[in-house]
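*Asks:* Positions annotated as compositional bias 'Gly residues' by TrEMBL: 53-64. Positions annotated as region 'Disordered' by TrEMBL: 49-69. According to TrEMBL, the transmembrane segment annotation covers 78-98, 110-138, 158-175, 217-235, 255-274, 294-316, 352-370, 376-397, 409-430, 450-470, 534-554.
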């Protein structure tokens, strides 16, 4: 019995670990991060003024937090306690209420299940990956779907597309290739403070296209803090009177926020860049059997990411926190030092880079080249092929060392894959039960309104909703609703779906909105008012940019008509 209890406790702790993998607020000893033992006493004293205090320092930083030894990585707060009972309560309430007109009993059972699942996703009453398994229990019990149909969603090709992407990212991180790429991009842009920030943002956005935005922000943040300290030291050496203390140094604030925002912006450029993109692709496949190719997404995602990144850089460095330093001789010294520490590029890095380039080229060309020779190939096939190659390529065959091993693979966010499966399963339930169609007929209040107004409304609603909820959970809940709403209004469903999916990644105001915001806020260098001040106007720009590109650019690159329903709808 004690063995069973111990096993259950271990599983529970592991599920919480998965749940918190991309959501932790971390506290760091910033001075220790940038001090490699070569700082003088004077420089170390300045570092204490320039960088926020880390864990254990009295009052250090702005991130708050407490020392918590609970198994869930944080206190079981009131919101979680309320959510724990509210979820099942709403489930029973919906089941027991009279069935609305035109709604089938099966549709009502799916609606009740959704109320429970959404409540636990939002409040995190239990680990998010664990909540994502509820459809496997609820749908068969309520007669909404059989077990085979429900569980097949967890093996959807989109899940394996992301699994392969996560494994490739794990190999990059294992051998520090991502760090080498980032440092060299920053080195290319020059030594002006504004261009240094641009370099960080470009490097962060590029990496976030391929690996987790959280991992990207975590990697770039200590490098950014080291550069802030280096710039402050050089300013003092030149006798500058610029205040370089925490919260008053515009260069530092703009750089930290730039890293956070670029990590989110870069994710929209590719299907695997951020979970909401994959959820959109998965729901389209589940509901209509249509594939969105990697190349098609790039054609829309890259221009949107580039436009937003340029605006974010300009706004941060020229309006929100204007950087008035024109040139800083020697300002890239810390970057060169970091590159030197990496040493020459290793065999493993070369192998990872080769696989990465191969997979990227196959993704881009699959829809218009490979399909002619291998009709059944898709992006998930390519993704898993790349991951398998990494397990096969030897680094040191005599020692049995390969580019990727299972120990490294275990570190990928498996919980996200369960969340994908739960979301796709939920979408399947919406469709098969008729719930999606029922909801859509009641959400057509905007029918007849100009397309501009419709897209603008959906974008604004989603962006501000995801400021306080998980972007992945928000996308999971909205995708089937947007799909059915579009069909009911007689417009192409892609329009509202991709608008909502992209908008889920454009939350820049609050630390809780997205993990990169939390990572930077957790350093203590940026306060909530500073983030809100800059993030609000980025949200507004995001609403305008997404609306404009969706209406005027998406039809051109995807070859769709807004006012004509595709033949595959029925």
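Including glycine, each Cβ sits where the backbone N, Cα and C put it.
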*Asks:* Pairs of Cβ atoms less than 8 Å apart decide it: which stretch in 78-98, 110-138, 409-430, 450-470, 534-554 has the most with the transmembrane segment (294-316)?
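*Replies:* Per the Cβ count, the answer is 534-554.
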*Asks:* If we skip the immediate neighbours and take only residues 6+ beyond the ends of the transmembrane segment (110-138), which ones have a Cβ under 8 Å from one of its Cβ atoms?
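*Replies:* Those are 15-16, 18-19, 72, 79-84, 86-88, 90-95, 103, 144-145, 147, 150-151, 153-154, 414-416, 418-419, 421-423, 425-426, 429-430, 433, 435, 469-470, 473, 476-477, in sequence order.
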*Asks:* Residue list, the transmembrane segment (78-98) vs rest of chain: Cβ under 8 Å, 6 or more residues beyond ends.
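*Replies:* Tertiary neighbours of the transmembrane segment (78-98) are 108-109, 111-113, 115-117, 119-120, 122-126.
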*Asks:* Give me the stretch from 158-175, 376-397, 409-430, 534-554 with the greatest number of Cβ pairs under 8 Å to the transmembrane segment (450-470).
*Replies:* 534-554
*Asks:* Contact between the transmembrane segment (534-554) and the transmembrane segment (158-175) is defined here as three or more C-beta pairs under 8 Å separated by at least 6 residues; is that satisfied?
*Replies:* no
